[in-house]
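See structure below.
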Amino acid sequence: MDALRLANTGLAVDIFKKLCEKSATDNFVFSPICISTSLALLHRGSQGNTASELQKVLHFEKVKDSDFGFQLLSSDISKVISIYSLKLLKRVYVDNSIECKKDFINSTKKPYPLELETIDIKSRPEEARCQINSSVKELTDGNFEAVLNEGSCDEKTKIIMLGAASFKGNWVYKFNESETKEMDFHINKKETKPVQMMHLEARLSIGYINELKTMVLELPFTSKHLSILILLPKDIEDDSTGLKKLEQDMTFEKYAQWTNPSMMANSKVKVYLPKFKLESSFDLKDMLKSLGINDAFNEEASDFSGMTESKDTSISQAIHKACIEVNEDGTEAPDVTMERRLMNKEEFCADRPFIFILRHNKTRTIIMFGRYCGPCEASSTAD
């Protein structure tokens, strides 16, 4: 399980860094676990160089049984989904002209029970597109509509890899709505924009990355199965968001070190955090290619012979959507009277760009990963 956690973290950090390279100032959010689960299913059905490329990008070199690992991981995460407004949709749609091997189908039933779906795309591509969109809308309680654009499916579409994730949770300690005030958010050294800034005083886990002058704060959600981790540089020291050094230095080993509970202390913290809602949409095809998955998207080079005898089987589309909302809602109020009497409170004021991670605490799996650089349009799109 530890090997799989590290592997999934590796892919999460790789994707995060690619998105940061694409734009230094965009807000974004994505769900690494949705992407890694779908890729792991496709890896299960691949052979030859296609399998080698997928294995490398998934960081599976030291993972002995990825299928069993995902089975355990999915079971752990599914147990807490009902507690939160958390939706995780991971689908690999395969055109039914591709006859999947029975052995392959049987091998996916436990580790990927809902992820594989056959659908008639070839003979009715537009109907199939609408059917997929309708299914995604229903399974995410209406959070996502028109995931696949008109004309995106045709008779040549073979495999669609699709992920959608949304989250809105209740904190263990709610932020007092009456204390939410408009404050300046520093986009960079020179520019500010107004945000609705929430306020909380409570005992929380907080750490510090000395070499990067960055604070790490854990804000737990109700029942403490999930937490948001916020990485906040103490000052904006570059010519952009202040996150450049943190983004460049991040590796999956360093991420694991920075967010390790043993590196954090329980302290009295005065928190200022902006309310925000982010929605991002990505075509992952070019990004996954840049990470090293090439053959799987090339019908002349792809080898999915572990899945099917059908030739020219390749991934036609890889679409991902994610949405997260952060507000004051919580289950209990901290003992504010006591906390305000106590001295030596640390201040964590997120009035400048920060990185955030939604983490499943038992497995330390990254459910969502994102960057907030200030108030802007409701959604972002990346190719």
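Glycine is no exception: its Cβ is also placed from the backbone N, Cα and C atoms.
Copied from Swiss-Prot, the annotated features are:
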- Asn106: N-linked glycosylation site (CARBOHYD)
- Asn133: N-linked glycosylation site (CARBOHYD)
- Asn176: N-linked glycosylation site (CARBOHYD)
- Asn361: N-linked glycosylation site (CARBOHYD)
Distance between Asn176 (N-linked glycosylation site) and Asn106 (N-linked glycosylation site) at the Cα atoms, whole Å? 51
What's the CA to CA span in angstrom from Asn133 (N-linked glycosylation site) over to Asn361 (N-linked glycosylation site)? 32
List the same-chain residues at least 6 positions away in sequence whose Cβ sits under 8 Å from the Cβ of Asn106 (N-linked glycosylation site), in sequence order, or say none. none
With an 8 Å cut-off on Cβ-Cβ distance and a minimum sequence separation of at least 6, pull the same-chain contacts of Asn361 (N-linked glycosylation site), or say none. Pro220, Lys224, His225, Leu226, Ser227
Cβ packing number for Asn133 (N-linked glycosylation site), 10 Å threshold: 18
CB neighbours within 10 A of Asn176 (N-linked glycosylation site), counting all protein chains shown, number 16
